[in-house]
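Asks: Found this in Swiss-Prot, in case it helps:
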type	residues	note
DOMAIN	366-794	domain 'Ketosynthase family 3 (KS3)'
ACT_SITE	Cys538	active site, for beta-ketoacyl synthase activity
ACT_SITE	His673	active site, for beta-ketoacyl synthase activity
ACT_SITE	His713	active site, for beta-ketoacyl synthase activity
ACT_SITE	Ser982	active site, for acyl/malonyl transferase activity
ACT_SITE	His1295	active site, proton acceptor
REGION	1416-1569	region 'C-terminal hotdog fold'
ACT_SITE	Asp1481	active site, proton donor
DOMAIN	1620-1697	domain 'Carrier'
Amino acid sequence: MDVAAQHVFLFGDQADAPMPMVRRVVERSRHSKNLESFLQSAIDNVQLEVARLTPAERDTIGPFHSLEGLADSLKEKSDRHGIAQMVSVFIARIGELILHAENDPALLDSSTPLLSLGICGGLLPAAAVAAATNIHELIEVASYLARVNCRVAVAISRRSIEIESGPGSWAFSVLGSAVAQLPDILEDFHREQSIPRHRRAWIAVSTPTWATVFGPPSVLSKLRETSITLKKSDAAELPAFGAVHAAHLVAPNFGDLVGESPLLNRPLKTGYKLLSGSKYAPYNATTLKDLLPQIMLDIFQNETNPARVFDVGGSYLRKGGPISLYMLGATSYLVLLRRSLHTQKFEVNLKTNPPSLQNSELRGGSGSVAVIGMSGQFPGAASVDELWDVLMRREERHRKIPIERFNADDYLDETGRGSSAITTAYGCFLENPGLFDHKMFNVSPREAMQMDPGQRLLLHGVYTALEDAGLVTGSSTAADNKRISTYIGDGSDDWRDLQSQHGVDKYIVQGTQRSFTPGRINHHFKWEGATWLVDAACGSTASAVGLAYRALINRDCDTAVAGGANIIATPFWHSALSKGGFLSKTGGCKTFRADADGYCRGEAVGVVVLKRLEDALQDNDNIVSVIRGYSRNHSADTVSITRPHVPAQMRAYQAVLHNSGLEPEDISYVEMHGTGTTAGDSAELESIVNVLAQKNTRETPLVVGAIKANLGHSEAASGISSLIKASLTFRKGMVPPQVGIPEKMGSFACLDHGTVHVPGAPVSFTRESVGKTRAMVMNNFDAAGGNSCFVLEEPPTPSLKSADPRPYHVVTVSAHCQTSLEENKRQLLQFLTENKETSLADLSYTTTARRMHHTLRSAYTGGSIQDIINSLGRDLGKNHGQDKPGAPRVAFAFTGQGAHYAGMGADLFKVSQPFRTTITGLQKICVTHGFPQFAHLISDPSTPMENVSTAQIHLSLAALEIALVDLWKILGISPDLVIGHSIGEYAALYAAGVLSATDAMYLVGTRAMLLQDSLEEGVNGMLSISGTPQDVAAIVSDESVMADCEVACHNSPGMVVLGGRRPRLAELEELLRARKFKCKLLDVPYAMHSSQLDTILPGFRKAARGVCFGTPTIKVISTLTGTEQQHFDSEYLVRQTRESVKYTQAISHCLSQGLVDSATLWLEIGPGPVCLGLIRSNTNVATNLAMPSLKKDDQNWKSISSALASLYVAGKAIGWREYHSDFIDSLSLISLPSYAFDNRNFWMPYTTGGKHQDVQPISTCLHHLVSQDDNGKEQSATFTAVVSQPSLLKMIQGHKLSGITVCPAGVFAEMALTAARYVLTGGSFSAPVPSLSVIDIQIDHPITPQSGSQQVIQVNVRRPKQSRDFAVSIVDQAKPSLITAKCCIRQTDEQDVIATRRQQLDMIRPKISKLMQDAASGIANRFQGKLFYKLFANLMDYGGQYEGVKEAIVGDDFTEALATIRLPKAQDSNESCTLSPYWIDALTHLVGFLLNGNPMNSGDDVYIGTQMERMEILAKDFSPDVVYQSYAYLEPSQDSVNYRGHVYILSGDSIVGFLEGARFRKMPRTTLHRILGKAVPPKPAKETSHPSVEATAPATTNGRSSATNAQAEAPAPPVNGSNGHRKTVESVLIACLIEETGMEESEILPSTFFAEIGVDSLMSISILSEIKNETGVELNASFLMEYPTLGDAQRQLRTLERKREGANPSTNGTDVAVVVNGEKPAKPKRECNVVLMQGQAPEDSSSIPLFLLADGAGSAAAYIHLPKLGLEDDLAVYAVESPWVRDPAEFTCSFEEAAALYLAAVRAKQPRGPYLLGGWSGGGVFSYEVARRLLAAGERVLGLVVIDIRAPSLRPNPHAAAPTMDIIDQIGMLSGIERTFADDASPEAARLKRHMLSTVTCFSRLVPTPMPPHLRPERTFVVWAKKDVLPKAAYDQLPPGLDAWFYPASHDMGPNGWDELVGDAVEYSQVEGDHFSIMTFPEVTELGRVLQAAVAKCRV
């Protein structure tokens, strides 16, 4: 009989390399369901534990969702505390054991004796085996122990950090003879170095031949440096991260680490032996709960000897038998164990790396998904709450199609025969679907208009749903931004069809292509999860929710946002569905009714937020409903694709019931699809009855309903609408009544059994009324044959909440803009006023931890809801300004001694776990040093202070301040600067990373004990003196007064503290009080910072030498030196103890050095606001910026809350999650008013294709009546005019401004007049023309005709009854949110007009006479008509029909004129006008001539009419057969920019019309062209009298220098107006913003953020390039990012202007031309655009810029993210763009020809060397060639920087494939473009891709020329990206040759060919990331550092 094998499990320790183990188990998990299940369960448990850590601890681990994700922190070396290491090793070891157990299940039962050997952390996985008898139990137990293991790792980390927080290893190993000498070596070292007990090194692991020494890294380093024996020994540093096996350190609470779980009571296997590493015998335990504390004692405290463990282990094995040794994870202990077993004569069979034999599939369970948030807009309901009201009121919301969508009457044809006919004019519509807060979502108005309204509304909807869910990205494991996915259903392209009327805009793709909707959502919210756009017709949103459900269950994401929208914008689908017979002709959906005749189209927007149920419960979410199951199938056997199929629907119900584990009778309600079509309703009801409600199967009828009867069929959004209604029934506990019931029901045979009930009244739907857990089915099907079905269940019953112990709370409100902020506050105030019973704690929790926060903020603190109401009421309406706070600096001020009191932190100690843990932990450490206990001084207000020792006071103060630092850090507040007063400096040094917490407490305690032991209390004391600064200074300098005293503290200019003997201080107090000084003898036992302390200094110096001093991580302002201190040592602390406190000097230093400013936030760390008073005495800090952490007479939470509120309002990011984490069991998310969006209307009506297209136009300028209404209170009408109508187009084309066709003001006036006339006469133009005046016509947005698109102008007229005034607004339908023009048309009394004209005539007669006399005497100018219009052509180019002026007399100063006018006769017989625009212009444009026809005015400026205050020109008064005169004059201008003029029209001796208040604005002609959206036409060359400046820069021709061939043309300075450069640059900037974004000028305020109006990096470059072109001012490409608001930019522009004026005073205001031989050189056909990316353009030759040549895509945008490359702001960095970046198809030239153009661009910017050149990717190759040519021309090249591209080969591959778009895509060259653009089909992306292909094609023909040895750059740098773009396997399939032009091999970071071109002297660097990610955040930061270092090496 064979001898049974004995099993030994070997678990190494936590220092073993984890990555091989991790990779192995992850790979094997693909084939093992058991292992896959364990890995996920273990990670889930670890995530729960990590969620409880501090933010700093979480940051070291990083976000993770898998074992490999956890291990990433090891690869990235962020796991400096070893937490991820220890957890990863544990999980990997258990994973390997699972694989072994699958191969041999007997391993885990008790049938075979089993011995486990583990070292240190390896004991924990061994413990899991002790309590598991099979794989299932092992997975269960080990998953929990993974969490325990994490706690242990964190405890090790925390204990270690308390001693020393710096980097470095905590252990080294020693081999050989030195092992025996270690105890003596350590003892001598500790004594000689005065190492305090807590910092001593110790022997943790030992064997006869080697040992491991542990200790703080700095101590170990010093030990190895000073010990001769260790230097000679074989000692090696180990990867150890903390203190283990340390008996001298305080042990953590093992009970807390073990935790609570039923698994802990599991009995241990009797045949299983686990040896203790310290007792060398099996642990004596019966349950896990007994075993784990013993294991932890061995890990944390007890030394171990592995050799002895292994030797003893052999005694428990049967002698002579074979041993199966299972190495569970690679470990170095294997050698030692095998040696031991071999010595004991055991035969060892080593078992490693077993294959998985598991073949069976384990069902993971269907899972459940929680709906945690909802939002929606529906017909008649702007929110989910309003939807419920609509349902309960039985409202049916159909109505006639609103005219804003399209004119239904134009398309209605009940026969349906017309090409676009609709058979019904009804639908269910949203109110105001065009409203959108574009600024909130950083979208420009121009782009917003192109966006599908569904896309816009879904952005609102997602935001609102997130608020409802309380979801803040990054706030929990399930809310990790990398794991949030978006699923959107959409089935309509209406908006794209509508936009096609108006031509194609640059934003049309991302605005109307449906895939952009989920992409834009993820982009805005910064989510990295997958995005899905689903088009399944009516099943789109149901399918989207179904996909989201499955993704959550499959763990493809952790949170999902799902929903969709349906917006009706055109008649197309109405027509198509009408013709298909789908639509009801009589109105709404009549679900279940006998008169059902089709469905009614509806609109809706709906969004839900989903999480796995367990995650929702863990995150304290409000669960609205639970999705238990989902199924989807297709009706494959139906007779028609659009016809429902009963069997298929039945199978869908059956499948979802099976998946959910429910029976039909468990379902109480069905939310049906219910469209109201006979076939659909009948089939759906039949299938429901057959599966869910068969006869005699139910005790109560199954209730059914359908939302479509209320809201119509919202098509793609129908599924989400039904889901929201269904979820509301759970929330409300009620099924709403079905609309139309009880009407006559349809004939449904399946309902005859009475098992189904359609409710005509509300039905209770509570758990009590249903009698069981509520569950329902939600059904949805689509016209394409798909069936979707969900089972929903009520949410779990929430647990009862305990009361929140905090008496004070913070409530926050924030918004993106001031309007929204005020409305948010108003809504919250109203809510609280109406709901005063609201829990204050829940309100605080909801507004802080569960809301997204914006830049504009308000915060309120209080102890009751009424406090918050009062604060809100006082704050509401206050003008807080538009400024958005940045991130101000935070200064921590640490309190010194004397401010203590009993119970300083009692409230925090009682309920704040982090605070309490810090205090108790520090006390434990202090006790080990022999210091007295002190925690009661902090925690107990009743402590009698008279019995408290100095040591207790000092220790309690230091501990309190350290605990506050830790607490503030957890809350997200870390200082930028610290300053400590006296003893407060120790905690300040802890905050700065100079001292560890343990060292700080050791020093404070030692210092205090020395005081107590060496000095007599009460002999000396301290006296505080306050007075005027002058008086105090005089006292301090008076030797007689200061006799026997010394200044201990300089607290402020008017306050010092003296130290000395008490009798002398008493005398001094009496003397100074008599001199009116304020004096106070302080209650302190010693005279600190005085000579009394000299006695303790030697002892303190010795103690201080034993601690480690780190380098400050932040600024430390020393109150010893009064300056910033960067080096600290023991001597510093000795001086700090003895010398005076220089607080005044320290604060003064902060101010003078700019370390603090008026915005700095001061937070006092200590028991009270002592130092804040001193700071206020030294500075002018505002009260709200100076905050105490604690205050003696205030509850701790009150002062903490108040400080948090101030910090929050100032813009700091608060860790609200951590703030509430200890109290989560007391808090609930509550429903509050949703965000108040600052909306603007972006709706555009559809106008094409209706019947009105054939109707005769009303007039030439006003074509069609769209709608007219008279409601008794107001008359209104809407008209349209089509610009392309020939007569109107002719009028417009005859009116050109500066060569650009612009619609004249006369056309707008005529439109307004005719519209008012139409309303007054009822459209009867045969009636007499009423007397009408045009009042205050303003033109804000000119209209220019657009070719290739249907341009429609809309005219809106309103007149209140009993009013004479019509309000008229005119808009371009392509931009309906922008008012083109507006005016008032007033019905006038002719008698009043006559009287007015008489007065006017009296006023102008003398002026006319005087002007005629001047003309007769030759003073005034007389112009005939032709000359008049020639002069006017400076601005105006009129068609012949406008030229009515025959002669004009113009005053000498061009301020007045008199013209003779003959009105042109109509040339078009079809022309019909109330008042012809030709006539209006001819009669009035004389006033414009005075400005624009003046030959003395600069041709660079024009004067544009902006407003006409009043115009009265009656059509009946005028005739082309009468000669008229017009007199015009200008008022004096106040600013030379704005002008006002008047025109009076005379016939004979009477005024027959006038125009008063014609306003003009002066602007540069270039700005006009920008506003009108046209390129600036070339100006004719002018001769100049200025001296020419010859360019002498050499250029190269065929490698030779030439001084004449290529000259650099310097850009001319901008033309100066009255404000010089600033006016020009600022005005061009604003004009560019208006054009690019579509904003109105009035909307672009100084506070406007460029990002929020849609200015991205590409648009920024475009704007700055235009500024350069038009003004000559060159700004770097990051200018609009560095100065993110208009105000910031304007201030910087003014600063630059002042510098420019100071540098060039002689050229200010002059034109400078750069010429050669008197003529400007002709510009080359192709030029590179050179973009200043950083710094300022060099002003002299001593400053050398860096030129970066564009990559293969050709754009400068590639370099936009580079950080500053100059050590200061002295380096100009230029990006040289490709000459073909705008038209890449033209890039067909050779490499040499392209390089010549780059060279010319570099030369033009910098004519002479030395040069700095470089480039990324293809730009690196071009930069090489440019450098080669410059060197050949004799120039000096300081440096060449090539970024991540191989050198072009000297030996091209003859078999290389010809480049194609597919090939370069395959090799990854387009990856960067695809990452940048969400849609790679966008015009910008397509253009860059085409350029990339052109570049590759150019390179494919390149054979480079190497540089000769004597002509090479002085330094060459090559930078490589470490990661591959493609998976390694993908490279095997690449076409030959082309890949050589891209990535280096991942293992080859060397020359890659560059050494063949530039020689061997190349410096190589590597940066994290792949080829494309290194150019974006965060990897670009590291690249920036490399480039900065390279540039620094090249500076001369």
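From the backbone N, Cα and C atoms, a Cβ is placed for every residue, glycine too.
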Asks: Among the active-site residues His713, Ser982, His1295, Asp1481, which ones place their C-alpha within 10 angstroms of the C-alpha of His673 (active site, for beta-ketoacyl synthase activity)?
Replies: His713
Asks: Sequence gap of 6 or more, C-beta under 8 Å: which same-chain residues meet both conditions with respect to His713 (active site, for beta-ketoacyl synthase activity)?
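Replies: Counting only residues 6 or more apart in sequence, the Cβ neighbours of His713 (active site, for beta-ketoacyl synthase activity) under 8 Å are Cys538, Cys589, Tyr599, Cys600, Arg601, Gly602, Thr675, Gly676.
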Asks: Return the average pLDDT for the domain 'Ketosynthase family 3 (KS3)' (366-794) as a whole number.
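Replies: It averages 90.
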Asks: What count of other C-beta atoms do you get within 10 angstroms of the C-beta of Cys538 (active site, for beta-ketoacyl synthase activity), across all chains shown?
Replies: 27
Asks: Using DSSP, what is the helix/strand/coil residue split across the domain 'Carrier' (1620-1697)?
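Replies: Reading the DSSP string over the domain 'Carrier' (1620-1697) gives 55 helix, 2 strand, 21 coil.
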Asks: Compute the C-alpha separation of Ser982 (active site, for acyl/malonyl transferase activity) from Asp1481 (active site, proton donor), stating it in Å without decimals.
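Replies: Taking the Cα atoms only, Ser982 (active site, for acyl/malonyl transferase activity) lies 82 Å from Asp1481 (active site, proton donor).
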Asks: Can you check which residue among the active-site residues His673, His1295 has the largest number of Cβ atoms within 10 Å of its own?
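Replies: Going through His673, His1295 one by one, the largest Cβ count within 10 Å is at His673.
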Asks: For the residue listed as 'active site, for acyl/malonyl transferase activity', what is the tally of other C-beta atoms lying within 10 angstroms of its C-beta?
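Replies: The Cβ of the residue listed as 'active site, for acyl/malonyl transferase activity' has 24 Cβ neighbours within 10 Å.
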Asks: Taking the Cα atoms as reference points, how far is the residue listed as 'active site, proton donor' from His1295 (active site, proton acceptor) in Å?
Replies: 10
Asks: Across all chains shown, how many C-beta atoms besides its own are within 10 angstroms of the C-beta of the residue listed as 'active site, proton donor'?
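Replies: So the number of other Cβ atoms within 10 Å of the residue listed as 'active site, proton donor' is 24.
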Asks: Indicate whether Asp1481 (active site, proton donor) is helix, strand or coil by DSSP.
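Replies: Where Asp1481 (active site, proton donor) sits, the three-state DSSP reduction gives helix.
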Asks: What does DSSP assign Ser982 (active site, for acyl/malonyl transferase activity), in three states?
Replies: coil
